[in-house]
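Here is what Swiss-Prot records for this protein:
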TRANSMEM  9-26  transmembrane segment
TRANSMEM  36-55  transmembrane segment
TRANSMEM  68-90  transmembrane segment
TRANSMEM  94-116  transmembrane segment
TRANSMEM  128-150  transmembrane segment
TRANSMEM  160-182  transmembrane segment
TRANSMEM  189-211  transmembrane segment
TRANSMEM  221-240  transmembrane segment
TRANSMEM  247-269  transmembrane segment
TRANSMEM  279-301  transmembrane segment
TRANSMEM  313-335  transmembrane segment
Amino acid sequence: MTYSKIQNILPGLGLSVAITAAAMVLEKIEEHYAGRAWLEALVIAILLGTAVRSLARPGPRFNKGINFSAKLLLEIAVALLGASISASAVIEAGSGLIFGIAAVVAVAITLSYGIGRLLKLPHRMAVLVACGNSICGNSAIAAMAPVIGAESEDVAASIAFTAILGVIVVLTLPLLVPLLGLSFTQYGILAGLTVYAVPQVLAATAPVSLLSVQLGTLVKLVRVLMLGPVILVFALISGNKNADVKPGFFQLVPWFIIGFLAMMALHSLHLIPEAILPAIQYASMLLTIISMAALGLGVDIRSVASAGGRVTLTAILSLIALCCISLGLIHMLGVA
């Protein structure tokens, strides 16, 4: 990275770090006066970032640093998280859960597409919303768009809902733990099956427990890996008219997933010294909080209106359906 590029990202990165520091201080104040942190620093960072964006929108010079913090730092955090998980955890998950995840994705795409069509969304828009909701948000939308020949307006409108709904899910999903009496294991699986993006799983599960973080990330990674087969199916359905435009390998398998798996393999093979594991876990957590601050800075609440009522309603109903399907899978598998 050149000196000029570093200069370009410093304002946005600095603002994200400042919000992170404020969030961590507020968390400590909570702990001091309330006995515990009812809102974790991760959540506070999102709320503060969104408030800053809404009340005093940062100028263009902050954009590159905000994007850098929200994307690359969060991807690094996910990759580092692999160091806290061993391959035995994947084996213990069992084939039933893996096949169940695939089934949830398939059913969710079908239901979401049906909801979109019932609400009179165009075919391509309905496909984009369905894949974004059921697999991995913006990444799935971006990967699917060239396969089905979606227009840029369709992509922009489909992506608009993920910013707001993604944050809402991260903030509200932990409330289901006491409401539904979910165990840490059940909640981790639920988060992995419903949260849009891999990094957001960290934010949705960290306030609950480390076990929820680990299980949620594993489940979400399996869910993301469904993107390849789903794109292949839609490519076959769409025919040859879009065959000249194919998503690249890193759209189907993002680099941070490979990094996560590599770190997990190193941990499983005992190639990472136990003494540095706490430092790696802390670095992952800190980068995640910084990224959540940046995510909040990138959320424009007014984007929901620009996306259109039908798209928003489709996304909300699809998300509710996905939650119900996921809870059904957890019940069927007898997860305690």
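Including glycine, each Cβ sits where the backbone N, Cα and C put it.
Quantities reported herein were computed from a predicted structural model and do not represent experimental measurements.
Spatially, the transmembrane segment (36-55) is adjacent to the transmembrane segment (189-211); three or more Cβ-Cβ distances between them are under 8 Å for residues at least 6 apart in sequence. Counting same-chain residues at least six beyond the ends of the transmembrane segment (94-116), those with a Cβ under 8 angstroms from any Cβ of the stretch are 125-127, 129-131, 133-135, 189, 193, 219, 222-223, 226, 230, 314, 317-318, 321-322, 325-326, 329, 332-333.
Between the transmembrane segment (128-150) and the transmembrane segment (9-26) there are fewer than 3 Cβ pairs closer than 8 Å, counting only residues 6 or more apart in sequence, so the two stretches are not in contact.
Most Cβ pairs under 8 Å with the transmembrane segment (279-301) belong to 68-90, among the candidate stretches 68-90, 189-211, 221-240, 313-335. Comparing 9-26, 68-90, 189-211 for CB pairs under 8 angstroms to the transmembrane segment (221-240), the maximum falls on 189-211.
A contact between the transmembrane segment (160-182) and the transmembrane segment (313-335) is present, since 3 or more of their C-beta pairs, 6 or more residues apart, lie under 8 Å.
Counting residues 6+ beyond its ends, the transmembrane segment (68-90) has Cβ neighbours under 8 Å at 9, 12-13, 16, 198-199, 202, 210, 213-215, 217-218, 254-257, 259-268, 272, 277, 280-281, 283-285, 287-288, 290-291, 293-295, 297-298 in the same chain. Same-chain residues lying 6+ beyond the ends of the transmembrane segment (189-211) with a Cβ under 8 Å from its Cβ atoms: 39-40, 42-43, 46, 74-75, 77-78, 81, 84, 97, 101, 104, 132-133, 136-139, 162, 165-166, 169-170, 173-174, 176-177, 182, 217-224, 254, 256-257, 284-285, 288, 291-292, 295, 319, 322-323, 325-327, 329-330, 335.
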